[in-house]
């Protein structure tokens, strides 16, 4: 099946040319291209058009789970009839195993798995292995982390066909081999039940119930059934049932793995003893022996991923299997916000290795644990044959890889121009800033101020508050959820000014902001580099009155580059608007920060008011005074209710709301322990 792009809008401005150039590059086999698109120019819509033109499976890599969710929503809107999948870490909470030798502290692994995201991950791999070309997978950096061997996964796909001879009990055994669990009472995802000649399977990768009926040893019927009403939704002549888990293995592979693990255990224990590490030798022997007993009895153990190399049959030092192995060789990789995402991919291997070295050296894990890891950056590069880097400020790496193939997209369909940039002396900068703030307050517009230090952000906030300016600050010490709330309050008008350090850059969509003030703009460094200045200035690009003021005593190279580039873009944007009779239109957007917006939201936002997800005002349950007087039974009921609310929010992929409920849940559980132990 081919991609079918659904949109009420046609490409405008720079989009047609960008789409044509990128499409031609991919079809000609160009290994790397860069889409340099300014904020609000419709980069997602451009990429969607390219995907529809080339008709190849595509992986879209984002640097965090929330942005990935937004992209997933938008691509679902653009391709409602195609397979748009979502692949991110399925942990609601994850504390990795670690050992701190300085304090002799061992930290056990702790986690909570999001069942809904697990389903979406399985759906992604199932779509890729189905052989269809019209697959888009939106992923976080999780795509480079280890998972099961795709060939083992595919071997356990069950293909059935109406009229085919198949013993019912053989079919049931195959379901068990594919890690489905029989449950004739409570049928949930990944379970199956048997009633006479009818087998109902709740598929692990969808909300579908599959009903297979037998007539003796013949498959008599295959149909999808609504799991709630029991009504048949679609009959089938043939069907593929994909496994219920990404990590598949066989009994033979398990026995072989145990034998190899025990051999390596003997060698490592002997090594520790030879260098006088008797305690580490004893610890390792006890831990691995216990794990092997658990695997023999139950088929799994805590931390079984540290033995993945043995189960996969890989040699020491070889890379793990990952999501990229499920794609065909000719897939397209799109890296969103590449100036952030590429360094993140590069850093994953080093961080993981640093943590595991201590676990191996102090006898907590076998050396094979080092092979349960994310891809090295070089391995990632080898596996990606065609890449499009997407960024408003591509880094040197992307430009070098693209060999000069940079496709520019600076025209906004709304006609909005890049903000005017002014440079003013730092002498009396606060007094000057106060005057500018008052002008914006009169127009009911908002102001962002970026400082170099946390202390300065806090002191400036205090000064402005003393002068009756409604303001707040955000920096790395402010909790993530609190930051989101503060930014939402800025949009709602609770504050007129928001002050920050390095948090006013990528991903902040605040159309009400008409002024960005950059203090100490001439202090060269990471926070005042050309890339940082350009990203920060872009926060004023969604307002028709957008303006940037740089307070400085001199113009640095970074400032000059940012100013020159912004002026060049403004000239091009003005010329286009004049030639086409376009009057810049202020972006209108529902005043609430969207975590998982409506489908096609970017395309909608460019040309009309967007109906965004409105976050409910969730109560601070644990802080309610009545909680202190609850009985144990009432407290347990409140905990269970909060857990359900968290799970419902997570199921809708409303991560911020789910995280709020999770925090409330933890507070209630702590209160429960405090009162009743």
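Even glycines carry a Cβ here, placed using N, Cα and C.
Quick look at what Swiss-Prot annotates:
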DOMAIN    24-412  domain 'Helicase ATP-binding'
BINDING   37, 38, 39, 40, 41, 42, 43, 44  ATP binding site
MOTIF     90-113  motif 'Beta-hairpin'
DOMAIN    429-591  domain 'Helicase C-terminal'
DOMAIN    636-671  domain 'UVR'
Rank the binding-site residues 41, 44 by how many other Cβ atoms lie within 10 Å of each Cβ and give me the one with the fewest.
44
Can you tell me how many other Cβ atoms are located within 10 Å of the Cβ belonging to residue 43 (ATP binding site)?
23
Residue 40 (ATP binding site) has how many other Cβ neighbours within 10 Å of its own Cβ?
21
Outside the motif 'Beta-hairpin' (90-113), six or more residues from its ends: residues with CB under 8 Å to it:
121, 302-303, 355, 358-359, 362, 364, 646, 650, 658, 662
Using a 10 angstroms cut-off on Cβ to Cβ distances, just flag whichever of 37, 42 is the loneliest among these binding-site residues.
37
Helix, strand or coil for residue 37 (ATP binding site)? Use DSSP.
strand
Write out, in the order they occur in the sequence, the residues of the chain not among 37, 38, 39, 40, 41, 42, 43, 44 that have a C-beta within 8 Å of the mean position of the C-beta atoms of the recorded ATP site.
46, 392, 409, 412
Sparsest-packed among the binding-site residues, when each Cβ's other Cβ atoms within 10 Å are tallied, from 38, 39:
39
In the motif 'Beta-hairpin' (90-113), how many residues does DSSP put in helix, strand and coil?
0 helix, 15 strand, 9 coil
